Amino acid sequence: MVRFLSNLLSIKTNEWDGVLYFFLISLIFSFGASFARSIGMALLIERLGGSHLPYIFILIDLAVMIGSIIYAHYTKRFTGAAILSFFFISTAVFALIMQTVFLFRANVGEEVSSNYLDWVYGIFFVGFSFFYILISIHFGSVVASYFNAVQVKRVTPLINAGLPIGGILGGGALMLLLNQVEPQHLILVISVACLGAFYLLKSVSRNLSPVRASISVTRNSHQSPLDELIAAFKYIIRSHLMIFMALGFFFFVIANKLLEYQYQAIIYPQIYPDSTERAQFFARYEMVANFVWLLIQVLLTSRLMTTFGVGGSNLLYPVLSGLAGVALVSYFYLTSTGELVSSESVMLLLAIITQFINQEMRLALRTPANNLLFNAIPPNQWGSNKAFLNGIVFPFSTFVASTFLIWITGTTAQSDFLFFSFIITKESLSYALPFIAVIASILGVIVAIPQWGAYNNGVFGLLTRDLFDRRASNHLSSGNKSNSLRQMIEEKLRSQDPHHVIAALETIRVTHLNYFTTQIGNLLLKTKDTQVKERCINTLAELPQNNTIVTYLIEASRMDQDPAILKLILRNLSQFKTVNLNSLFEKMLDHRSPEVFVQACLCLYHHPLYSDKKYVETLLVNRLKGENLSQNLPLYLYALGQLKQANYSEYVLAHIQSDDPDISLSAFMAYINMLEGQFEPHKKLLVDSLNSPLKEVKVAALQALKECQPLENWTPVIRLLGAKDRILVNESKELLRLSLSHCKSALMIRVFSESVSTQERFEILSLIYARMSDQQRQRLRKGADDSLKKFVQVNALLRLHESVERKTKVHDLVSKILHEILETHLLHILTIITYASEQSLDFFQRVSRGLLSNNKANQGNALEVLSNAGEKFLVGRLLKYYEERPADVAALERLHFVLFSEPLNINEGNYESHLLGLDHDLLRACLHYVQQERTGFSTMERSTSRRVREYLSEAKTAKPFRRSLRANYRAGFA
């Protein structure tokens, strides 16, 4: 039964507990709310009249505005569940108080002051609306905190289905009770319903764990509620999504209030003048409308959101609202001109349709779609931004609508302050209001279009929350708001642990925090740790240039005698081109260290304020002549090459054929700098230098090869596309791009190779994907789909391996290897999705980091970004895996059959043979070692790779072998 419901409602097994809890909470609360809405509106219109409705709207929004400010303040101090519990308890207490007041009004009110006490019905409607709005605002945040972005899209319709079901049950119960009890005596039901919802919410807190933190990281800040609202406003004006949400919200409220006035104050009182009849009608309406709402919620909402996406779904409601307005305008205008006969049945039908769109369709479409927009906003901003929308934008827009209604209906026409003192006729009012609502709806549609793109960009942006964000520098300059980060860095700089100091310096270097310049300078002069000194110098060099930094570096050069430190100081001082430091550089020419001497020569030679460059050339040549047999010869060759003077080429040519590879390469590098593009005769040496361990050598060779004819063998260049250094990768890509017509076939062969690394494949595709045929692209998709199959199979192997008792010493190492293989297959799939969707490297990096994260919220954001990508086949199959989240082999078997229409055929009896078939040397070595442990002898075949034999040759004892395996694993042999 559970599996049937899971398939029907798209709810996964591990999601049912949370879905059922929140479904019941929404159902019970909606049951009580249906009583309050029907009774409250009926009593309000009967006792106060429709003319007071605009004032009621203003009072509600004033209360919500104040409450939202306080609400935003406390969202940073208490969990979402705790705040929702408080709202339920407060609503229950408020309902009890109002029930007592209503009983007093019924018993003694007639003898006191009827007009005065009639306002208690207005107070009830305002108070309940206040709590209802805050609960509705916050309930979505609580639900979202227990599910990730993709799960929320699936589970929200079913959870929200509790609202119409509760409305149906509440409407039916209200109809039955109204035959026996007066409406004002049924307020107690609301209190009971809120207490029931509170009890269920406590069960949620006990039994479930949230996916995202609902408490801000600034929970201990001492900002006032007004300061927090100002901070939210500053965030909003920087966020395109929030700007469009605020505008859309404004137009929605205008249209909503005008249409609500149309049917509540114009149509219904005309058809049902008696309050009891109207309350009974509302009860019947609640039953039917909530039933239809339930069908839409369960059968259509999820499909619409999946089809149109979150952004597209937000277009639907303003379109429906506009259509309802057009129908009302057409009917009332035609009846006013006499072209159409007035009919109460038609009016009632239009009112019911308009109310259904305005109320139920809002809850079925707009509310869930609008709540999902907050997935593109950091969770710690949800409370503040919702409070801003509902505490500022909503009251302001309602004030505008209510003031307009007061003015246009002539309620205050006698006042002297009005600019216009005419009263619009009732007939023209009946079509003027929906006409304005149509205009507001059209504006809402216009705003929802850029909001769509802003949402996609926002979710994509959430995938990068780097520790060393550049925005930290802005935060540090904003006063007390970021004292915690500043204090953390200062504490680390004062630490006795050099690792803590280095971490703080790296933070400052990456984020360019020039606030710490003085502290770093003092640390440079005081510390004895060489690594800390080097980090201090490098950090100062990355900060904005100023005289303070120059002063500290000069003082350090006078105090320090370490050649490595002096060389680094001189190199960084040479960046200050506007400061004359030639006297310091000239002094260093007498230093006994060749490294310091060479660096001083180069600093002088390249400094724009130094004119005697011939003197530097003479010094270097004299040193070079006297160092033919010295270990410093490569250093002097390098320095001579940096002069880039072709007349000294004879000095380096003599050493190019040296037997010493360092001397040969240094001479060659120097010669490259001297040549002026004449590299063709030395092409073979350039290609050989691509195997050098030095990055500078490879970069110089790649740059020189650009001036040569196309290569015959492009493998050495293609292999560099997998390098960790981006400079090497970019230089390799540039060389390949210049000769793409010659190297395309080699790139095609490599990209379809099974041994190609993820990065190498990605970079190759960046060069040739646009030139691939449809058949080749289909082959790429097929390869990615095969990787998905292996991804599922390796997951099954990992589950079986983790279920096996840890009897071997390499158990954990095998698990790590399997995780690495899973990551490789996943990155292969994401690479093909990236190019098939015409996305960028940034997209690939963010999505891959999100999916590989242990944080379920980050995974959900990554899946949401993937679902918006252009490629559908691979994305759909990958989403299927993550939606199912199979936790055991049986679930993986079912998923494997659904995706690939074939059985998995992996079990405890054959999983070791499947492990051997993964073609992974380190994994095979582990398995052979396990076999040796069990039987005492190895079953290696002659075909076993040399790498596996090398691993097993150290297996004299378990401890050395295990240590060797881990060392090789960490070194990247896996």
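Numbers run from 1 along the shown chain.
In case you wondered, yes, glycine gets a Cβ from its N, Cα and C as well.
Automated prediction, rather than curation, is the source of TrEMBL annotations.
TrEMBL lists 20-45, 52-74, 80-104, 116-139, 159-178, 185-201, 235-255, 288-309, 315-334, 387-408, 429-449 with the feature transmembrane segment.
Long-range contacts of the transmembrane segment (159-178) within its own chain (CB-CB distance under 8 A, at least 6 residues past either end) are made by residues 19, 22-35, 38-39, 143, 186, 189, 276, 279-280, 282-287, 289-294, 297-298, 301, 360, 363-364, 367-368. In this chain, the transmembrane segment (429-449) touches the transmembrane segment (387-408); three or more CB pairs sit within less than 8 A of each other, excluding pairs fewer than 6 residues apart. Put simply, of 52-74, 116-139, 315-334, 429-449, the stretch with the most CB pairs closer than 8 A to the transmembrane segment (288-309) is 315-334. Residues 52-53, 56, 88, 95, 121-122, 124-125, 128-129, 132, 135, 139, 142-143, 146, 158-167, 169-171, 173-174, 183-184, 186-187, 189-194, 196-197, 200-201, 203-204, 207-208, 264-265, 268-269, 275-276, 278-279, 282-283, 286, 290 of the same chain, all 6+ positions outside the transmembrane segment (20-45), place their C-beta atoms under 8 angstroms from a C-beta of that stretch. Tertiary neighbourhood of the transmembrane segment (315-334): same-chain residues 248, 251-252, 255-256, 259, 262, 304, 308, 340, 346-347, 350, 353-354, 357-358, 361-362, 365-366, 369, 427, 430-431, 434-435, 437-438, 441-442, 444-445, 448-449, 452, selected by CB-CB distance under 8 Å and a gap of 6+ residues from either end.
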